[in-house]
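As given in TrEMBL:
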type	residues	note
TRANSMEM	A:12-30	transmembrane segment
DOMAIN	A:97-313	domain 'ABC transmembrane type-1'
TRANSMEM	A:99-121	transmembrane segment
TRANSMEM	A:133-150	transmembrane segment
TRANSMEM	A:185-207	transmembrane segment
TRANSMEM	A:245-270	transmembrane segment
TRANSMEM	A:290-316	transmembrane segment
Amino acid sequence: MAGAFLRRLGQTVFVLFGISVLVFAVFFATPGADPSARIAGRGASPETLAAVRHEYGFDRSMPVQYAMLMKKLFITRDLASFVDRGERVIPEVLHAAPVTMSLVGGAAVIWVFASVLMGTLAAATRGSLLDRVLMIAGLIGISLPVFWLGEVVNLFTQSRLHHSWAFSWVPGLGYVPFSTSPIGWFKALVLPWCTLAVLFVGIYGRVLRADLVATMQEDFIRTARAKGLSPARVLLRHGLRTSMVTFVSLFGLDFAQLVGGGALLTEVVFGLQGVGRLTYQALANLDLPLVMATVMYSAVFVVLANALVDILYAVLDPRVRDGR
Amino acid sequence: MDAEAVLDVRDLRVGFGRGVDLVDGVSFSIAPREILGLVGESGSGKSLTSLAIMGLIPAPGRVGGQIGFRGTELLALSEAERRALRGRRIAMIFQDPMSALTPVYRIGWQIAEQIRAHLDLSRRPTETRVLDLLSAMGIADPRRVASAYPHQLSGGLRQRAMIAMALSCDPDLLIADEPTTALDVTVQAQILELILRLRDEFASAVLLITHDLGVVAQIADRVAVMYCGRIAERGPREAMFGAHARVHPYTAGLLGSIPRLHGPRVARLAAIPGSPPNAALRPPGCAFSPRCAHASARCDTPPPIVPLGDAHEIACILPAVAAEPDHV
């Protein structure tokens, strides 16, 4: 177990190294994307360019540049933006991360509970009207673009019906830190949570239903019935428990990519200064240090989430534990 | 038939939706501590019969006729009442013990789950009972097996654990659906011996469902042969496997297709021509008549079940035609 853990950790470090080299190569070593030209501004003289190049270390060899960047990113943590001179990159990411984590964490709680409920109900009443209604609702949820849904939510709760009793509690767009006001944090995020969760409730509910329907045809379900267990126990303890394996692997990947910046559209629509938005701005300005920082942050999350999924896998399925 | 019987199935009919009856008027009974071998090819309706007795026919299935269990008519019971019997007084084991055990739970937990569902036992006595049951199955280290997951055990051990689970609440009737088919030959013999021994220790009657006449000849007290959803023949084992037994032409065909260890070697094993018909295409008369060497025009009406000897009955007009069937 400890050996497997260490091996996993080694893999994680290796993957992160690979990603950092790749990102560095794309942004710093691509011909035509000379960062010093951007920093120096339009029509700068060759002397200015050379000065900038020397100041930022772009005249050094690639491995040295890479090492300097990594040192500034991870050890001294004083990597500064190229665009807003003097603005440090790491605090910016650390400032955006709680926003994204609050958004995605809350949405994940909603989508896990709602989709388990939806998938289980639909599988239990397979072929009934409820099953069909739930599955169509899921399909609609998947089809609604999140930016459109967010704008519609805003239209009603921020302007049209904002003064009605139903939505007068909705605060203006933006983020309220949990430490400032837990209630304000909840109020500010509950609509973004639901909006972001809709797509995933649809996907997960449908996937879980299909998986559960297949599982309920298995021999061990027949055995559980033959044991005289109640239908609810057969469905939940034997059916759902076995189906959770697929669900968890799907969840780990989606959760990681959202925390890593994939919730960009939701963040933009609801005015949340999260990691997705930060990455977008960094790319739009070609602010290479910021790009580097956000991509590394995102990679750390995806890789960590994958490691976590593997561990959860082993917890959920004893066959994985034994390497079978 | 008799009130003494553990199980008394009469005119059982099982079908799905508007289709024909896949089990068509099956009757048999099992006395206490008796092992009844229910034999038939795949598709003959023997597994459906067992599921009907368990009350596990899935929707849109329909079950008709009578299933008397210790004087109670099962088909008249509510689903909750049947569930209380299931696993408690009628237990079942299945063919493939790998897929028949939930992969994510330990063996001990799965056995304890059944005990907890039916008996009011606290944790400690339940644990003790699980270990006692496993050792009663001839398992040397019950503690290890109880804490193992299904995939960590061999097929034989899994089937023993499965039987331990089925017997955990001392059922009156154990239904074993092809319990040895998925096992190695040596393990098969061990499991059959175990079932024989347990019949005495746990005082359970056994309905042994199999396609293997060898298994039946080894341990069954009585035998019922099914063909295409109907009973073709039923009687004591000796009456069917003796040297000069007179049997239903279908049983004769089955027996003729088994290679013999003794006596002159046959040049070529006999096989029954054709294949068992789909129940939907069943001929109006005797279902076996299209494949039967003795078929005549009289086989176009369904044959009644007629006595052939001591408690030995066959669904064939043949004994009235020729006293000696074409079988050694």
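Every residue gets a Cβ built from N, Cα and C, even glycine.
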**Study point:** the transmembrane segment (A:290-316) touching the transmembrane segment (A:99-121) per 3+ Cβ pairs under 8 Å rule
**Key:** no
Review point. Per the definition of 3+ C-beta pairs under 8 A with sequence separation of 6 or more, do the transmembrane segment (A:245-270) and the transmembrane segment (A:12-30) touch?
Key: no
**Study point:** Considering the transmembrane segment (A:290-316), which listed stretch of A:12-30, A:133-150, A:185-207 counts the most C-beta pairs under 8 Å
**Key:** A:12-30
Point to revise | Outside the transmembrane segment (A:133-150), six or more residues from its ends: residues with CB under 8 Å to it | key: 118, 121-122, 192, 195-196, 198-199, 201-203, 205-206, 209, 265-266, 268-270
